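Per TrEMBL, the feature region 'Disordered' maps to 1-24, 396-460. Positions annotated as domain 'Calmodulin binding protein-like N-terminal' by TrEMBL: 87-234. What TrEMBL lists as domain 'Calmodulin binding protein central' is 246-312. Summarising the annotation, TrEMBL assigns domain 'Calmodulin binding protein C-terminal' to 317-379. The feature compositional bias 'Polar residues' is assigned by TrEMBL to 415-438. Taken from TrEMBL, the feature compositional bias 'Low complexity' covers 439-450.
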Amino acid sequence: MAREKRPLEDSTPDGMPEEKRQRPGLASVIVEAVKMDSLQKLCSTLEPLLRRVVGEEVERALAKFTPPKVGVRSSPKRIQGPDQRNLRLQFRNKLALPLFTGSKIEGEQASSIHVVLVDADTGRVVTGGPEAAAKLDVVVLEGDFAADDDENWSQEEFENVEVRERDGKRPLLTGDLTVVLKDGVGSLGDLSFTDNSSWIRSRKFRLGVKISSGFCEGLRIREAKTEAFTVKDHRGELYKKHYPPALTDEVWRLDKIGKDGAFHKRLNQSGIQTVEDFLRLVVMDPQRLRNILGNGMSNKMWEGTVEHAKTCVLSGKLYVYYADDKQNIGVIFNNIFQLMGLIADGSYMSVDSLSDNEKVYVDKLVKVAYENWENVVDYDGEALIGVETYPVKGIDSYTEEPNNGAGVRNPYPQGPNNVTQQQTALPSSQSAPMQQQRSSTSSSGATGSGWYPLKLNVGP
């Protein structure tokens, strides 16, 4: 009987000896370890992102089933009183800028600053009820309070941007700090700033008004605010320009001419002290004026300065230069020596109504007048004309470049020059009064008037 072989004790279940099994290589072990490490790093990187996304989704889902928390700002809603009205304070006019410390705060064109109480739903002024006679407080606000005027901000938001004076300083705003409404309308009194706005975060202030404590309790009335503005130190007011300038203003009040600067000194040395002096030379000899200012003033600067000067309001003074002692014929100039027209046989004729031959005569007469200005006769406009004149509209007819000026070479003579006068017969003008008509530029370049005359019947 055959005898079964006993299996070896050290053999494996699959019949292979243990020492002969295939073992994993070192390289494969390293690869597996690297894969596991990368997976762990990826999970650790994604975990905070997944937590945040899940948290936001959970909060969004819960918000649909829970009321909003107190203090959390939701979408703007109408601020209404118990009677469901949407009441607001509003400034009706803008401030005159720039503002300087110590100077009175005014509206544009030196007007009072008005504030009104309106119903925002209808746009009408609220003239009845206790709120129409409420007392208001005037406050200073941060310039960067950017809430839109149509937005209904809260009282807390408004008061959080109120500005107080700096430590150790006087109250920032002084004067009449309260306004009492009458039929829903009030006006700010005398107010001025004691400090500039350079130290505030936005470097700008706003004025605001709000209902005083103790008035309109239980009724929400939205506050009002002005546009943002800069408050400069009062020393800057000494150097500010005037818009429009006055004839008597010093010439440095014009744009591009700095006080005590090079242009200012050159003009003063040439006898040009005021805006009126500047304008007269613009009319009589613009090239000479251009040469006085020199190459340091570019063409663009020159144009800006002249345009600013032209906004000046002229006075009613007139000058007449007569061609002979009988005063039958003469040329009329305004107070900046700008040609307005001609007097001939007791009647007025505008430059554009003259014939070509008559214009040649007028051109020569204008040159003679400029060279003998000491012989002109000055009149009050009404005294000369004797009838109503129309308001001055400014100077806007001078359009020539400095190099193509009128050609008058001696605007400030030391004495009369012997200039031959061509005696050209001029017909008497019997035309109807010329209203709303500008005098045009004559052929010599003498500029037309910016006035709107005239109804002239001038006696001999």
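Quick reminder: no glycine exception, Cβ is built from N, Cα and C everywhere.
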Of the residues in the domain 'Calmodulin binding protein C-terminal' (317-379), how many are helix, strand and coil by DSSP?
22 helix, 25 strand, 16 coil
Let's see if you can do this one: DSSP helix, strand and coil counts over the domain 'Calmodulin binding protein central' (246-312), in that order.
41 helix, 2 strand, 24 coil
Any idea what the model's mean pLDDT is for the domain 'Calmodulin binding protein C-terminal' (317-379)?
86
Please work out the helix, strand and coil residue numbers for the domain 'Calmodulin binding protein-like N-terminal' (87-234) from the DSSP assignment.
14 helix, 53 strand, 81 coil
